[in-house]
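Trainee: Heads up, here are the entries from Swiss-Prot:
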type	residues	note
SIGNAL	1-20	signal peptide
REGION	22-43	region 'Disordered'
COMPBIAS	28-43	compositional bias 'Basic and acidic residues'
MOD_RES	PRO66	4-hydroxyproline
MOD_RES	CYS68	cysteine amide
Amino acid sequence: MMSKLRVLLIICLLLFPLTAVPLDGDQPADRPAERTQDDISSEHHPMFDAVRGCCPALACAMGCRPCCG
């Protein structure tokens, strides 16, 4: 009986290897370095002045670039 269970366990492990299971580290939320690269660019910043092509001083304080003179 025990040998049958061992054979069944080995077959299951061969058919469904643990490497096929996605790990938590593969989730985008767990990779902050890549997530920060996807931040809003200045052109899409809500305070970006498209006519002047720059951000007002208040928006520059919040990280919008380039700043208007």
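Glycine too: its Cβ is placed from the backbone N, Cα and C atoms.
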Trainee: What are the sequence-distant neighbours of CYS68 (cysteine amide), meaning same chain, six or more residues apart, C-beta distance under 8 angstroms?
Mentor: ASP49, ARG52, CYS54, CYS55, PRO56, ALA57, CYS60
Trainee: Could you tell me which three-state DSSP class the residue listed as '4-hydroxyproline' falls into?
Mentor: coil
Trainee: Near the Cβ of PRO66 (4-hydroxyproline), how many other Cβ atoms are there if near means within 10 Å?
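Mentor: Its Cβ shell of radius 10 Å holds 11 other Cβ atoms.
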